[in-house]
Amino acid sequence: MAAAATCTLPSRFGYPNSNCHFKPPATATARFWRCRRSEAAVMPAVGGVVTRREAEAEEAQELRRCLAPERLEVLEEMEPWVEAHVLPLLKPAEAAWQPSDMVPDAAALGADGFHAACLELRERAAAVPDAQLVCLVGNMVTEEALPTYQSMANRFESARDVTGADGTAWARWIRGWSAEENRHGDVLNRYMYLSGRLDMRQVERTVHRLISSGMAMHAPASPYHGFIYVAFQERATSIAHGNTARHVGAHGDDALARICGAIAADEKRHEAAYTRVVEKLLEADPDTTVRALAYMMRRRITMPAALMDDGRDADLFAHYAAAAQHAGVYTASDYRGILEHLIRRWRVEELGAGLSGEGRRARDYVCALPQKIRRMEEKAQDRAAQMKKKPTDIPFSWIFDRPVDVMLP
């Protein structure tokens with residue numbers, strides 16, 4: 001994996017940020033490609049290294065296969081099943097928590113009560129370490145780029161909201177999921193504003209730039225690849241918010257712990273929905289689905305905020321990923337754990353009937369990958385120990401350029 005050698009292990013597995021795509025979107029800047037060594041040998045595949053041209057040809061072939069009419073019919077025929085098994089996982093607005101339930105509400109508390117509640121919030125927030133604040137901001141920035149994610153879901157052929165107000169089960173799921181996700185960035189934004197610990201203008205600029213830059217993912221129009229991607233991401237997000245809840249709770253910020261815990265629970269429920277969809281796809285078309293899974297794993301699961309930019313740090317995402325690894329918020333081990341969980345949940349090892357030769361090779365590749373990642377983790381740890389590497393102080397504009405310890409390659 002020479003092309004990723006300049007990236008940290010979480011960048012390679014948990015926070016891919018460099019050699020994941022080969023044609024950047026027009027709005028993306030060179031920071032996303034900083035770790036790439038060359039235009040040629042860039043991506044390890046099942047049989048070795050592939051060139052950019054080979055990778056683009058493979059993606060085109062992958063899209064042709066997954067967007068064939070008979071493949072899309074599978075999604076169309078799933079409509080009644082989505083109505084019965086996926087839509088019930090959404091909560092109506094009346095039953096869902098709202099940001100005003102989690103942070104002081106001036107209208108409800110009155111001027112004096114609001115002032116007292118804000119002072120208490122700030123007092124508890126003062127005890128949260130800077131490293132956890134950096135991870136919190138990174139998570140919040142990711143959540144705030146929701147318009148990008150709704151656009152992403154609306155690219156999935158035969159499972160999208162064509163008019164913006166379609167009555168199909170797929171369309172209602174996309175809108176309902178987006179409505180629930182919208183609360184996450186809102187409540188984190190309000191908490192951070194009230195805490196007084198963050199340079200909110202820099203945070204807001206980062207959100208602005210990320211939404212402007214967008215995101216790129218492999219086989220973007222394919223529902224097979226898309227649902228695998230989102231299932232993985234929802235679990236990753238749930239883990240990151242859950243770990244943050246535990247860390248900040250240990251430092252006495254019960255309010256922030258409650259917020260992050262509520263978000264983690266939402267993400268867990270959303271993960272269940274997308275996991276069910278992939279299970280159904282594996283049942284209906286195992287060969288196409290397992291080959292899509294292997295394709296996504298070979299090309300890496302790209303984190304949605306990989307293009308984040310604060311206008312100062314050209315390697316912001318890599319530094320944020322390293323901070324998350326060092327702080328125990330989201331690590332390479334978490335990435336491996338997600339893959340192991342999904343392999344078990346989707347019973348990938350048990351797949352056999354309906355698989356072509358390519359499908360069987362894809363199944364075997366996916367099932368062998370967690371152990372490969374584990375060996376790379378161990379080698380990275382051994383190498384760091386042998387080199388006696390020490391953390392590097394990296395300033396983050398989000399916290400007024402205060403430094404945070406991270407382990408750099």
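Backbone N, Cα and C define each Cβ position, glycine as well.
Per TrEMBL, Fe cation 1 binding site is recorded for Glu143, Glu181, His184, Glu267. Taken from TrEMBL, the feature Fe cation 2 binding site covers Glu181, Glu234, Glu267, His270.
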Glu143 (Fe cation 1 binding site), number of other Cβ atoms within 10 Å
25
Nearest by Cα to Glu234 (Fe cation 2 binding site), of the binding-site residues Glu143, Glu181, His184, Glu267, is Glu267
Between the binding-site residues Glu181, Glu234, Glu267, the one whose Cβ has the fewest other Cβ atoms within 10 Å is Glu181
In sequence order, which same-chain residues at least six apart have a C-beta under 8 angstroms from His184 (Fe cation 1 binding site)?
Glu143, Ile263, Asp266
Cα separation, His270 (Fe cation 2 binding site) to Glu181 (Fe cation 1 binding site) (Å, whole number):
9
Chain-mates of Glu143, Glu181, His184, Glu267 with C-beta within 8 Å of site centroid, Fe cation 1
Leu146, Glu180, Asn182, Arg183, Gly185, Thr237, His241, Ile263, Asp266
